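Student: Annotated compositional bias 'Basic and acidic residues' per Swiss-Prot: 334-343, in sequence order. The region 'Disordered' annotation in Swiss-Prot covers 322-343. Sequence annotations record features per position, and here Swiss-Prot assigns repeat 'WD 1' to 21-62. The repeat 'WD 2' annotation in Swiss-Prot covers 67-105, and the record cites sequence analysis as its basis. Taken from Swiss-Prot, the feature repeat 'WD 3' covers 107-146.
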Amino acid sequence: MSTYQAATIVAAPNEFRVPFPPFVQISKVQFQREAGSRLLAASGWDGTCRVYEVGKLGDISEKLVFTHGKPLLTCTFAGYNKVAFGGVDHNVKLADIETGNGTQLGSHALAVRCMEFNPMSSLIVSGGWDSSVKLWDARSYGNGAIESVNVSSSVYAMDVLKHTILVGTKDRKIFMYDSRKLREPLQVRDSPLKYQTRAVQFFPTGEAFVVSSIEGRVAVEYVDQSGEEMMKRKYAFKCHREKDTDGTELIHPVHTVAFHPKYGTFATGGADGIVNIWDPFNRKRIIQLHKFETSISSLSFNEDGSQLAIATSYQYEKEIDPSPLPNNSITIRHITDPESRPK
């Protein structure tokens, strides 16, 4: 295991809150990655998918509130003016951001847990608790999934980079697929971490990916497994841990991972309410942000890496729930070069 070097804890003034976040658990936030876009999507257990326009100076307007009725577990932008979402009612839906009109693309047999978008092919990729990964054409409605493949167990985490789909499952398997040839996986491997997978994310270059787990650990794995030298480059490390007042180590799930689009550094968010930004190349922690009120449920950098969306929602990790429950929030943090550039 590798140990990251510590950095100064920062309570920054350059943060502002998004008004009117989802009222119940925030399942995902995502900045649109279109060049020049300022849009941010958020899904929640209150059954809403919300789209905001986020200005550079903290000015925010709400462009869309799509009320689904059932808890939403995921969302993703699907092109310039569309957002897709899914949840516990098994359905995959698509909404037009300008008009607010929505349509159902199809469904899974169980809850839709993950969704991502491939702009190169205009395909929405969904992963469900029914152990399936499905592809949907964002340009045509009502034709159902254009392709589907079964994995070993429920999909818990997913990422898409160009045509490659990365899937983490309940049974701790990691699958990689080419969306143009979905029938057979490019790779199947065991997770390098011993406990349940919470997030998977590709490096922006696609040469490697990150896996996080419920046991306060993160692993860096390389796609190319050929040769002893490549195997030496992979590593894992402990994070999101703290000492209790009696000296007991508290280990927190690492719920979310997000990569900086310019520098290839990445942020992690945990049940300890902490956001860390890491340098995976030099194996150092660049910065630790101040402690938030409750668990970090989702993170997303904007298209140029100058802003980080931080969603906080209590995830019911504690044996005794706090009363009252902490408020949900979405914070936009301005990210500077020294906070995100490799050391």
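Glycine residues also receive a Cβ, built from the backbone N, Cα and C atoms like all the rest.
Locate each feature and note its surroundings.
Tutor: Residue counts for the compositional bias 'Basic and acidic residues' (334-343) under DSSP, split into helix (H, G, I), strand (E, B) and coil, are 4 helix, 1 strand, 5 coil.
Beyond the ends of the region 'Disordered' (322-343), by six or more residues, the same chain brings 10, 12, 14-18, 21-26, 29, 40, 42, 44, 54, 58, 60, 260, 262-265, 275, 277, 279, 281-282, 284, 286-287, 289, 292-294, 301, 305-314 to within a C-beta distance below 8 angstroms of the stretch.
When averaged over the repeat 'WD 1' (21-62), pLDDT in the model lands at 92.
If one looks beyond the repeat 'WD 2' (67-105) by at least 6 residues along the same chain, the residues whose Cβ comes under 8 Å of a Cβ in the stretch are 24-25, 27-28, 30, 32-34, 37, 39, 41-49, 51, 111-117, 119, 122, 124, 126, 128, 130, 134, 136, 138, 141-142, 144-145.
DSSP assignment over the repeat 'WD 3' (107-146) gives 0 helix, 20 strand, 20 coil.
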Student: Excluding the flanking five residues on each side, which residues at least 6 beyond the ends of the repeat 'WD 3' (107-146) place their CB within less than 8 Å of a CB in that stretch?
Tutor: 33, 73-79, 82, 84-92, 94, 152-160, 162-163, 165, 167, 169, 175, 177, 179-180, 182
